[in-house]
Amino acid sequence: MNVKSLIRHETLLALLLVVVLIVLSFQSDRFFTVDNLLNQGRLMTEIGLIAIAMTFVIATGGIDLSVGSILGLTAILTGVFWQNVGLPLPVAATAAIAAGTFAGFVNGVIITRFRVPPLIATLATLALYRGLAEGISQARSVRGYPEWFYVLGQQDVLGVPTQLWILFFAAVVASIILAYTTWGRTVYAVGSNEVASRFSGLSVEKTKLALYTASGFAAAVAAVIFVSRVSTTRSDMGTGIELDAITAVVLGGTSIFGGRGTIVGTIIGLCLIQALKNGLSLAGVKGDGTIMLIGAVLILAILASNLFERSGTRT
Amino acid sequence: MTTTVEATARSRSAPQRPGFFKRLFAEYGQEIVVLAAIVVLFAVVTMVNPRFISANNLTTIFSGNAYIAVAAIGMAMVIVTGNIDVSVGALIGVLATISGTLAVAGYPIWFAWLAPVLVGMAINAIIGILVAYARIPSIVVTLGALSILRGGLISVTGGTWITDLPSAYLIAQKQVLGLPVPLVFMVVLTALAALWMRYTAFGRSLYAIGGNAEAALATGIPIARRIVAVFVIHGAFAGLATILFATQLQVIQSTVPPNLELTVITAAVIGGVSILGGSGTVIGSTLATILFATIGSALIFVNVSAYWLRAVIGLLILATVLADMLRRRGRS
């Protein structure tokens, strides 16, 4: 029953995506071209990586609002480690990613050890990490990265944007982990009933700690890709990206209460949002109109899936 | 000023009897922690730089942030019922534009003030209905509403500021009995809301819904209607906050401070409203707003670079939250 309703939501969403793609390709000749679609993939990688990790977090019934700030902090640290500390760029980027991952780990510790609700814990660290990024950068931006660094964010591998490969592999690995491993099933169990999971001997705290750490890691990797794509670092990078990621995850059918959700759903949700953004802007709709439509799509999609679910399962 | 209102509200709510302080702390622990933090901060910073308590600076601290405190009152009520609203920042932006446009277009001033309150109530009624009757989680509905309102605001204003506001409209710059209007708004609204939530059946029912929805339903509380009502009330407070926000400068910008909704939520939560619902007071949320404002001002007076402001606030939020969790654990 649960699986059925899941499939229903994703099928519905996939159909919606197809309809949107068809309509948009009639609106503009430039939309349905390989170049444009690949370029859109480039633009959606950063949100995508964060949204994949967020799917796990939300599936346990948690949330991570600090990812945008972790992205900003990691970006700033990459620049500072490289330019001010003088580390070689690969070492600097690795160290920055390690710091971003540690920021996620701190979230996990606050949530699991001190039992602070995830919404509050990550609301506090959202302010803290962004503040650290602003304080460390003192509003200076770092530019002038070596040419090879842009391979990550601006160039192609085998004809496909480099970062799209990263997103692809991340999505495949994450799907397999979530759907087929014991650990992935633990995520659903914790989200459905945390107390029962604990009594069943599942290591609830360890699972959560790992997830928030992974969420920090995803945001940190997204940060380095972001820096490589836009050739500069600024402390306000990634502001508000948490809401975009959450929208994609929820649109993809992951229950905000936990226990339900798939990576495939998240990816479809992500594609739908990106297609709407791009297609509408090509069709001459201003960016603001697009934001409105995404909000409406989010509410209507959940409303529709709620109605379907209720008619399907009478409880 | 606020301290005296605080004190009267408290002595009224906790009558003198054995174990008074224990009960007081059990009930208002978080509020006391936040109040103590404000007092300590004022004492320390004033010792470093006496100009910190000049009338001018106090006005900046209290009046400049009163609109956040007013918005946090409605937010606190929403969170007490176990819901959340991440769209309030965008809503205030939309309402400010509506109000300012009416004022400039020559409508009566009272109408320009009333409109944001009514429109805020109407928009939040829709949100409330989607939450209560369509059973969509409030974070999802308000996430969608955030996009719609933010997109709508930019596409309508096109990023232009509203100027040439009539001076009679700028109520936030006026005074009542020698006190700045925003301060009066903040204190009066906080006191009324606190009393309403503590002593009316309606107010108590909000705690019941947030504490245990099933039990609340069993005792005959019409949960769905109450949730719609609480969102409508929250909309009214957002409208009142808008009046203060829109009239504090000579112009109305087409944007609101970034992350305004998070600031408002944080104020409510740090003030002691449990994000799980069922507990917390609006006195706490107002105190928390004052604490943030005091921190911001204090940093300038002790010569800390403004770029570190958010980091310090973040650290203090975290410390407050951890202290609260440890205190709660110690009690249970």
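Cβ coordinates are placed from backbone N, Cα and C, and glycine is handled just like the others.
Curation plays no part in TrEMBL annotations; they are all automatic predictions.
Of the listed segments A:8-25, A:116-133, TrEMBL assigns transmembrane segment to A:116-133. Long-range contacts of the transmembrane segment (A:49-82) within the same chain: residues 88-89, 91-93, 95-97, 99-100, 103-104, 107, 111, 118-119, 122-123, 125-130, 132-133, 136-137, 141-142, 145, 166-167, 170-171, 174, 178, 187-188, 190-191, 194, 207-208, 211-212, 214-227, 233-242, 244-246, 248-250, 252, 254-263, 265-267, 269-270, each at least 6 residues beyond the stretch ends and with a Cβ under 8 Å from a Cβ of the stretch. Listed stretches A:89-110, A:116-133, A:164-183, A:248-277 were compared with the transmembrane segment (A:209-227); the greatest number of C-beta pairs under 8 angstroms is found for A:89-110. Counted over residue pairs 6 or more apart, the CB atoms of the transmembrane segment (A:164-183) and the transmembrane segment (A:116-133) come under 8 Å in fewer than three pairs, which marks the two as apart. With a threshold of 8 Å between CB atoms, the same-chain residues lying at least 6 positions outside the transmembrane segment (A:116-133) that come near it are 57, 62-66, 68-70, 72-73, 75-76, 103, 106-107, 110, 212, 235, 239, 242.
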